Amino acid sequence: MTATMRTATTVAARAVGVTKVYGSGEAKVTALDGVSVDIERGRFTAIMGPSGSGKSTLMHCLAGLDDVDGGEVFVGDTRVTGLKDKGLTDLRRMKVGFIFQQFNLLPTLTAEENIVLPLAIGGRKVDREWFDTVIDTVGLRDRLSHRPTQLSGGQQQRVACARALVSRPEVVFADEPTGNLDSTSGAEVLGFLQRSAQEFGQTVVMVTHDANAASYADRVIFLADGRIVSELVEPTAEVVLDTMKHLDGVIAR
Amino acid sequence: MIKATLKSLMARKLRLLLSGLAVVLGVMFVSGSFVLTDTLDRSFTSLFSSVYTGVDAQVTAKPKLEGGEGGPDYAVQSLPASTLDTVRGVDGVRAVTGDVIGSARAIGKNGKVLTTSGAPRVGDAWGEDLSGQRVLREGRAPTADNEVVLGGFLAKSGGFSVGDDVAVLTAAPKETFEVVGIFGYQGGRDSLGGEMSLSFSPATAHRVLLGEPDTYSSITVQAADGVSQDVVRDRVAAAVGADVQVKTGAELAKAQTDAIGEGLKFFNYILLGFAGIALFVGTFIIFNTFSIIVAQRTKELALMRAMGASRKQMMVSVVLEALVIGVIASVVGLGAGVGVGALLATLFATFGGGSLQLAAVGLPAAAVISSFAVGILVTMAASVFPAVRASRIAPVAAMREAATPDRPLTKPTVAGAVLSAAGGALLGVGLANAVLWMVFSGILVAFLGVALLTPLISKPVVAVIGGLLSWSMPGTLGRRNSARNPRRTAITAAALMVGIALITGVSIILTSATASITKVADTQISADLIISGEQQATFEPAVLDAVKATPGVESAFGFYSDYAVVNGEQQYLQAITDFSAWQRLFGLKATAGSFDGAAGRTVAVAEETAKEKGLGVGSAVTVQLSKGEQQTYTVAVVYAKNGAMDGIQLSAAAAVDFSQAKLTDGFAKAAAGTSVADVQKRIEPLFADNPEVSVQDRSAYVKQQAAQLDTVLLMVQILLALAILIAVLGVINTLALSVIERTRELGLLRAIGMRRSQIMRMITVESVVISVFGALLGLLVGTGLGVATVEALKDQGITELGFPWTQMGTYLAVAAVVGVVAAILPAIRAARLNVLNAISYE
Ligand SMILES: Nc1ncnc2c1ncn2[C@@H]1O[C@H](COP(=O)(O)OP(=O)(O)O)[C@@H](O)[C@H]1O
Ligand SMILES: [Mg+2]
């Protein structure tokens, strides 16, 4: 298999030489420095790196939440770079799903209403069969009519996962989805993300700085100072941790 | 602590602006009204001192009635020429003139009588002018019987120039004169204060203004050098005797200024009333703003508590913020008020006073003091409750999620029920006994009560209104958002309620009044044609005789109207040409005595009045009229009052001693089988010489009466629109604060694919729900107010209850539009939020 063929068939999102700079002059921070990466379709990719290394920025750029200062971003066949608000809104509606670290749900809506919100906003029909599958996978059937305030943090985050999945986006982006959860709830959410890639072929990109969380992924990309510095496939927690330590060492030196 | 407060204020300039704006508007009205009255007062003072320049004393006949002269247009009693001679002979008098002054209304080239806006329309005799103010600009003095000179303002208004003919209405029948000259006043002025004046030759003036030669309406005295006004007054008074009064020029100027001041005071009260409403509504908004701010800052405030700030410090911090807003708003409001006062004064001078020379706009102390007192007090008062709430925030709240749990609504609901009941009772008692302050405070207390009840009602009502608007996801979200903070929604809506309730109440009262007039006209008055006109409009009794003699007229009668003192009590009443025609055409029923055959000096009394005054058929009453001596009249008939007639009426014999022995109203009935329109056509030409008088059939008359009420309604609507404008600011404020509060939610919605237009729709729905809710409340409360008032006015002749459905529908529609408009800015702000920043907003 050649690289070009792979791009055409199995890449869900792609960054090409992406540069992102914040501020100017003295306060100038290069958050991303010529990052090129392909996110493979149907796989669970983790982006790792120390705090401030540009993980969130990369994810935001890939998802079209932020614009880039150099390079190009694609989601599926759509060139994200250069899209106006309407195009970006369409992209978010149809092609990407989000799970944030916190505050993922609207307090005025029930769990079910929150889950189907992206569809309702876009005026799309709910695929009942798929909805049921998702609900059963996240195990929320008996919580559907609850309001977010009546749910635990883990349950809320599982609702957010279900919401990201229910519209079958090209890519689900998750920024430290377990950052606010205890380890049991975190494991549930991670297991769920892993299964959605394995069982449903859903592309998932997750930002994390937790080696254990990264070990659920099929592939881990390491960022440091806005650059991709390493990559692991089918990692274990130990290997990830080692790599991190090694990276810290590199940076320290 | 203080520093922290000021910092937080500066960080939230928008909030400061919006909540301050309501106070600014209220304060603006307060200071504006003071500046206006102050400016006009000084202008009129200088006007009248110039009017009385050169007048050291003035001699007039002592009026028979107090203030019953009917205004300066009338010369009620005149002085004989002998008095003039007496005064001339008094020691210390340098010069005297006998003045001949009377009402004179010129008819314009279009056949309509020229009008001023309140200033007199007078005629006098051209002659020596002791004030030295008058200047003949063109032409010459009038000498012949048919000549006249016009004041500049009258000439300009009517487009008259020398050589033109001008028809003039005076105490005598209409007469046409030739304009031989035009005069003005020192300083190039066309009039002294917007009056329309003209001068006849002395003989003509006596004939048309006073009706007799060798009499004078007043005598103007100039003192010799070194003799003061007071001295010359006292000497003249001693010479002329008791039937005559003498006043100094200074006294007259002051009396005139005071009289105008009384009128201006009324104007002032109206403005202050609306300032009050504006501030009342403003209080709701400030209260709401501070409540929301305290809720939003719970974490921050709790953190301060955790770090050791005392409860008192927390309270002080909120009240201090209010104080700063109050001071700034008062300063801005005061400044704006000076502008508004100056603007209104200019408008008044331009449209209301012809060429009134405005004094320089000043800043009276009253304006400054009241502006600050009102602005600061209102703001601080509105912040007390939120401040108390802030002080009760537990330090542990810093650690909790920001979501404030719904506090139970029991307390406000109970308080609201109590206040509503108390307000209603106060209103009821006030209306029943006609105690104005009770009525007003009853309304205010009731408003507060309803406002406290609103959170409870808001849930179901908002659900219903929102249900109508939530056909799409953004709509649903908007509806849910408006149901999120019942208190916030309720108070925002309550602010709108106040304005709409007042407008609705007034509309109901006026509609009921119209309905009552119609009812009376339809069921009681059987006159087919009504002859009436503007206030001073009169016609000669001979014209009424001609009406009676017109073919097709079955019967006709008329009213003379004037002030009179009956049994020691002064009142405005009518003398009636023909009691029996009056009885038939007004559907009156005698309960004692008879309308027929009542001749000579008789009176008719309504039953209730008779009971109240202890009168019965045959009782004697003393009557003092504008002219003549006091006379004894006999009660000829007691009748059951109806919607058209009440009180005491005099027989035609009284008319000769009225200030004008002319009719003010006439009523005619067409003979059976005759067309009213035909009769009207035949009668109308009889009034060719009385252009102020119109002949109308019953429905046109009712319509005209109703149209006057419509004007009142329009004015009330315009002024109350201010209250609604402030309420709109409140809606904008609440929405803007909500948008800030829900920044992360908005970010999330955008992240999962909501369009800008959908965000805007969501906020618009929320806004419309709040506004419509407020309007519904207002309609409801206003209906209560209106119905209660109409009920209380039953005895005053408002017997019918009418609902202005179209207007009420319009108010509701306006509220919906208001909702859309109020949403514009917050919606744009929300739609423009940067998705990433919004999501990470703390
Ligand atoms: N909005 C911003 N303005 C300025 N600097 C920013 C902004 N967002 C991120 N940065 C900077 O860019 C770099 C990368 O940030 P981020 O992508 O959030 O890192 P990570 O998610 O890996 O912790 C950091 O140095 C951060 O300080
Ligand atoms: Mg991050």
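Backbone N, Cα and C atoms are what each Cβ position is placed from, and that goes for glycine too.
TrEMBL annotations:
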type: DOMAIN; residues: B:18-238; note: domain 'MacB-like periplasmic core'
type: DOMAIN; residues: B:274-395; note: domain 'ABC3 transporter permease C-terminal'
type: DOMAIN; residues: B:489-685; note: domain 'MacB-like periplasmic core'
type: DOMAIN; residues: B:718-834; note: domain 'ABC3 transporter permease C-terminal'
type: TRANSMEM; residues: B:266-295; note: transmembrane segment
type: TRANSMEM; residues: B:316-349; note: transmembrane segment
type: TRANSMEM; residues: B:361-385; note: transmembrane segment
type: TRANSMEM; residues: B:414-437; note: transmembrane segment
type: TRANSMEM; residues: B:443-469; note: transmembrane segment
type: TRANSMEM; residues: B:490-510; note: transmembrane segment
type: TRANSMEM; residues: B:712-740; note: transmembrane segment
type: TRANSMEM; residues: B:761-788; note: transmembrane segment
type: TRANSMEM; residues: B:808-828; note: transmembrane segment
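Most Cβ pairs under 8 Å with the transmembrane segment (B:266-295) belong to B:712-740, among the candidate stretches B:361-385, B:443-469, B:712-740, B:761-788.
Over the domain 'MacB-like periplasmic core' (B:489-685) the predicted model carries a mean pLDDT of 89. Within the same chain, the transmembrane segment (B:808-828) stays apart from the transmembrane segment (B:361-385): fewer than three Cβ pairs sit under 8 Å, each pair at least 6 residues apart. According to DSSP, the secondary structure content of the domain 'ABC3 transporter permease C-terminal' (B:274-395) in residues is 102 helix, 0 strand, 20 coil.
Across the domain 'ABC3 transporter permease C-terminal' (B:718-834), the DSSP tally of helix, strand and coil residues reads 101 helix, 0 strand, 16 coil. Away from its own ends, the transmembrane segment (B:443-469) comes close to residues 280, 284, 409, 412-413, 415-424, 426-427, 475, 478-480, 482-483, 486-487, 489-491, 493-494, 497-498, 501, 765, 768-769, 772-773, 776-777, 781, 785 of its chain (Cβ-Cβ under 8 Å, at least six residues beyond either end).
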